Amino acid sequence: MRTIQGSLIVSSFINIILGYSKGWATLTRLLSPITIVPVVCVVGLGLFMRGFPLLANCVELGLPMLILLVICQYSKNLHSSARPVLERFGLLFCGGIIWAFAAILTVAGAYNNVGFRTKQSCRTDRSYLISSSPWVRVPYPFQWGAPIFRASHVFGMIGATLVSAAESTGAFYGAARLAGATSPPAHVLSRSIGLQGVGLLLDGIFGAAVGSTASVENVGLLGHTHIGSRRVVQVSTGFMFFFSIFGKFGGLFASIPLAIFAAAYCVLYGIVAAIGISFIQFSNTNSMRNHYVLGLALFLAISIPQYFVSNTTGDGHGPIRADGGWFNDILNTVFSSPPAVAMIVGTLLDNLLEARSTSNDRGIPWWKPFQNRKGDSRSAEFYGMPIRINEWMPTRYL
């Protein structure tokens, strides 16, 4: 844990530097609707292993959950009063029903004589999460001891930080599109990556097991519920503080079987992938040049990470094995990420292949106004800082 703490603390400064030096803003200005399509698509599609493969580990829970979610989608059209209820709470209703069903099966002994994988995916009392959790435990800085800084762990985490920045950028564009907001300006993306670095720093200080990044599930949930209010996020933050301090309640929700989450992921990740495809409408869909860039970026974004993941050994060594271990760690991590590969391939192809003569086909006239701080008057409304933070925060960091 202490090596993870040290790695998170060091890598957090990469995000903070990228964000507040405007370095990430410079990179995102090279993007276009053609580049965004594969990036956002694989933010959802790249997580396919968390969908049906995980659901199939406990099909008696996962499949009914998936069917109920689809039924809810149809049921909301039965009556006008049912639509808002099922849109906002349909996922909770379905999850609660299947969770109760799983608890009945667990108590009845249906999973007493099954394999380890089935127990982990189906039982509601796996690892005795509720009984082993304390009632109250307040996290505090460096609770596992002083952080340990090791080059091998740090460089691997730096690669993960760069991957996280690419994945989060795709998630930001998807969330903006689903919320009906304007495309995020470059300075907003840069600010978001910088604040994500601050979150990573806090993760390291308080001894989190992993770093924080943009939640693809929540982006899909934004489209599923049609709720884009900041108030929801703020209230959810309060719940997260509550569950982290009062362990029994956190353990209760952690007892939800993984197959239920997998069924929800099938829907939520699919929504994110679909919203990525919608960006193509802002470019010329009949351009063969655009087809080439989109097709190659999308295919390689799935194919290259699959190669790297398949050829990574049990001890974490990937297919790139040069003399420098730090070099290997960074590149193996970057090329194992579908969004990172999509951003690299798509950006290079889109900016080097007949870029100037095809700006209209690429959707640049629609895209360019959103890249400037004052390019669209609506951006201040959508991306202004909450609770008047802008009054005491330096302008260059807004």
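Cβ coordinates come from backbone N, Cα and C, glycine included.
Note that TrEMBL annotation is computational and uncurated.
These features come from TrEMBL:
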type     : residues : note
TRANSMEM : 30-48    : transmembrane segment
TRANSMEM : 55-76    : transmembrane segment
TRANSMEM : 88-111   : transmembrane segment
TRANSMEM : 232-253  : transmembrane segment
TRANSMEM : 259-280  : transmembrane segment
TRANSMEM : 292-310  : transmembrane segment
TRANSMEM : 330-349  : transmembrane segment
Does the structure show the transmembrane segment (292-310) and the transmembrane segment (232-253) touching, where I'm treating 3 or more Cβ pairs under 8 angstroms (sequence separation 6 or more) as a contact?
no
Ranking 55-76, 88-111, 232-253, 330-349 by Cβ pairs under 8 Å to the transmembrane segment (259-280) puts first 55-76
Contact set of the transmembrane segment (30-48) with the rest of its chain, CB cutoff 8 A exclusive, min separation 6+ beyond the ends, reads 166-167, 169-171, 173-174, 177, 216, 219-220, 265, 269-277, 279-280, 282-283, 290, 293-294, 297-298, 301-302, 305, 337-339, 341-343, 345-347, 350-351, 362-364, 366-367
With the cut-off at Cβ under 8 Å and a gap of six or more residues from its ends, the chain residues touching the transmembrane segment (232-253) are 129-130, 132-139, 386
